[in-house]
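Residues or ranges marked as domain 'Peptidase S54 rhomboid' by TrEMBL: 55-192. According to TrEMBL, the transmembrane segment annotation covers 64-85, 92-110, 122-143, 150-169, 175-193, 219-239.
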Amino acid sequence: MGRGVLLSCKIHFYSLVSLLHNQCHTETSKLNPIATLCSLQKLGALERNLVVDDGEGWRLLSCMWLHAGVVHLVVNMLSLLFIGIRLEQEFGFIRIGPLYVLSGLAGSLASTNHGKESSVSVGASGALFGLLGAMLSELFTNWTIYTKKCIALLILVSVIAVNLALGFIPKVDSSAHVGGFLAGFFFGFVLLVRPQFGYVSRKYIPSSYNGKLKSRHKWYQYVLGITATIILVLGYTYAFGKLYGVPPMKNLP
């Protein structure tokens, strides 16, 4: 089991414990103790006014480790275990860890830019949707090494479509879902690239061999990776600029 995924689960769990022991207390419910708005705000919930007006930009990251209640935590952690373990086992924590956090950041940026100014948001949904997006782009960029590609694509697209549709239920932060998904999708082209089918490292090939060797990656993998990097840089720059009121270039003197 991926150590990074387990570490993330522990952080989420300890965050909930902190909420339940916070001096603001929780709303009474035996089945699903729910943190009060006071508790969430004190421990780092996402709120546009606090991020922009009070300079508490750290909330863009802290909110993804908080949950509104036990049920919210359990659902997110089951999703993380289901999606994250497979990705971390195949690509390692060095790739999946940053992808998870940066997707969560993208979800927070989308939420603060498109949500209500006074709304309070918590949860790892943006980061989890980032993992789903990364799984989709990973399938595309590593297309040559997969068997039963169309079946895998159909299943994955169906899962993504259902989850995105659920995001438009009232009081659910759909902006965070979409922002996290798009970030994860583009990060997948950059971080989750594998050697093409039939590639053999030169260190395993005899020096006397004169045959044609396959390159490590397909040309389109490089194109997708470079394009995705440019889109990510522009996307994060635009999101931060819009959040903190940076004027467009055309309006500068």
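Placed from the backbone N, Cα and C atoms, the Cβ positions cover glycine too.
Contact counts against the transmembrane segment (122-143), taken as Cβ pairs under 8 Å, peak for 175-193 among the stretches 64-85, 92-110, 150-169, 175-193, 219-239.
Sequence-distant contacts of the transmembrane segment (92-110) (same chain, at least 6 residues past either end, Cβ-Cβ under 8 Å): 2-4, 8, 46, 59-61, 63-64, 84, 121, 124-127, 129-131, 133-134, 173, 175-184, 187-188, 191-192, 235-236, 239-240, 243. Beyond the transmembrane segment (219-239), the same-chain residues lying 6 or more positions past its ends with a Cβ under 8 Å from any Cβ of the stretch are 106, 109-110, 113, 137, 140-141, 179, 182-183, 186-190, 193, 196. Across the domain 'Peptidase S54 rhomboid' (55-192), DSSP helix (H, G, I), strand (E, B) and coil residues number 107 helix, 3 strand, 28 coil.
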